[in-house]
Structure formats: C-alpha cells, structure tokens
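Participant: Reproduced below are the annotations present in TrEMBL:
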- Ser61, Arg85, His86, Arg87, Asn183, Met184, Arg185, Asn189: FAD binding site (BINDING)
- Gln82, Leu83, Leu84, Arg85, Ser95, Phe96, Arg97, Arg167, Arg194: dUMP binding site (BINDING)
- Arg194: active site, involved in ionization of N3 of dUMP, leading to its activation (ACT_SITE)
Amino acid sequence: MPIFDPPIKEEILGGGLVLLEEMMGDDLTPARVARISYLSSGDEEANKKLLVKLLEMKHFSPFEQQVFRFKIEGIPMYIGEQLLRHRIASPLKRSFRYTSPDKGTIIEYTPEGLNKIVHIPPEFFELRESHIQNKEELLKEILDHIKKSIELYQKLVESGLRKEAARTILPAGLRTSLYWTINMRSLMNFLEQRLSPKAQWEMRQLAKAVVRILYKVVPLTIDNYLKISGLEAHLRD
C-alpha cells in the first residue's frame, strides 16, 4: 500500500484539510482484477479500455480493490456525522470525551480566532452585506454565543467536571478530525450524493476536495466516472 509522505492535501472551509495518506491499488487495478473472471490478460492500453467499459457498464465491484485512507481535519462536527452515514467506509473520529476543543492553545476571541476552533459558515459573515435588520448585532450575538460556549466548557472542566459531560454545551460547528478509509466503489456513491446541489455546502466542498485529490492519483478512473455519471457538471456549480 503506497504511503504518501507528505500526504496529498487540499484545503477546505477556511481552516480544514483533506489529506490522502495511503492508497491500495492504482488507476488500472479495477481492470486487472476484473480479468480474473475470464482468466484473461491485457497490456496497459487494453486495461485502459477495459476500465472505461467497466464504468460504462456500471460493473463497479472491481473498483472495491482501490482503497484510500484519508485524514480529514478541521471539519464541523455535523459534517463528520454526515460522513458516518456512509457506512461502507471505515471512520475513526476524534473524541471530545478525551480532548479539549482548544487543543491546549490560547484562543483568540476574534472572528478569525474562533473560526479556527468552530467552523463559522460564510453566510454569517455575509450578514454584513445583507438587507437583514440589525445584521451587525446578529453577527455579534453569533460570535458571543460561540465564545461563551467555549468559555463555559473550560470553566466546567476546570471545576472538575469530566470532559465527556462538559462537551454537551459545545456548538455543533466545533471543528473535529477523523480518519476515513473507503474503497472507490463506495467513493462513487459518496460523490453521487455529496456533489449534488441538494447536499449541504460544507459537504460539497469536502466532496470537491476529494475529487481534486483523486485526479492526482487515479485520473483515468475519476475523470471517466465523472463524465459517464454526469457528475462533472456539479463541479462547476
């Protein structure tokens, strides 16, 4: 299994990262393993043609032999929970039973400082340009709420409350990290659902980052899959 050192990375959500650390197989692995069905063989060009044919026929089981291990950092907890719905993947998520949201660092209580710990959706900052009444007060209340939640968490822990109990008052946008191991067939299902305009904006940014990484390691597979499936258009949305 190739190990990428340094990992192949893409930045997301103004402070998050998607990193590909390990991979099993290569671009033509699905074509090579598919040949076991007929005990056939083929050169590189023949395997490229077979790979495209497999995608066109929606014969996806050979793509389960391509496996990727991602480390995903700095995503809001609610996006982490959505990732867990893709049950064919194998996630391992950061635990706030044992770790503090501030990671032991000094928090800067500014919009930029808070955004390092809690993902603040762009819509919140767009309030400044909106026609909503009291928009500046609304933005201030949002940031104050986040600040007070973190301060209260710290106060509870310092008072002796267990982290696993204190974490219940933390905001849902708290940034977390996880390992995510998934095969290409399951990734296709993930991209079909999460590149859709109906998916949450943050999740779409994650899906697009995964696509950009796949273009660096399995360009033939991902390019043909996106074109054949019609998902290519969603990358421009």
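Just so you know, glycine gets a Cβ as well, placed from its N, Cα and C.
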Participant: What's the most sparsely packed of the binding-site residues Arg85, His86, Arg185, Arg194, counting other C-beta atoms within 10 A?
Facilitator: Arg85
Participant: Give the distance between the Cα atoms of Asn183 (FAD binding site) and Leu84 (dUMP binding site), rounded to the nearest whole Å.
Facilitator: 15
Participant: Do me a favour and check the Cα-Cα span between Arg185 (FAD binding site) and Leu84 (dUMP binding site); whole Å is fine.
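Facilitator: Roughly 16 Å, rounded to the nearest whole number.
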Participant: Going by DSSP, is Gln82 (dUMP binding site) sitting in a helix, a strand, or coil?
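Facilitator: Once the DSSP labels are grouped into three classes, Gln82 (dUMP binding site) ends up as helix.
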Participant: To which of the binding-site residues Gln82, Asn183, Asn189 does the lowest count of other Cβ atoms within 10 Å belong?
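Facilitator: Selected from the binding-site residues Gln82, Asn183, Asn189 on minimum Cβ neighbours within 10 Å: Asn189.
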Participant: If I take the alpha carbons of Met184 (FAD binding site) and Ser95 (dUMP binding site), what is the distance between them in whole Å?
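Facilitator: One finds 27 Å between the Cα atoms of these residues.
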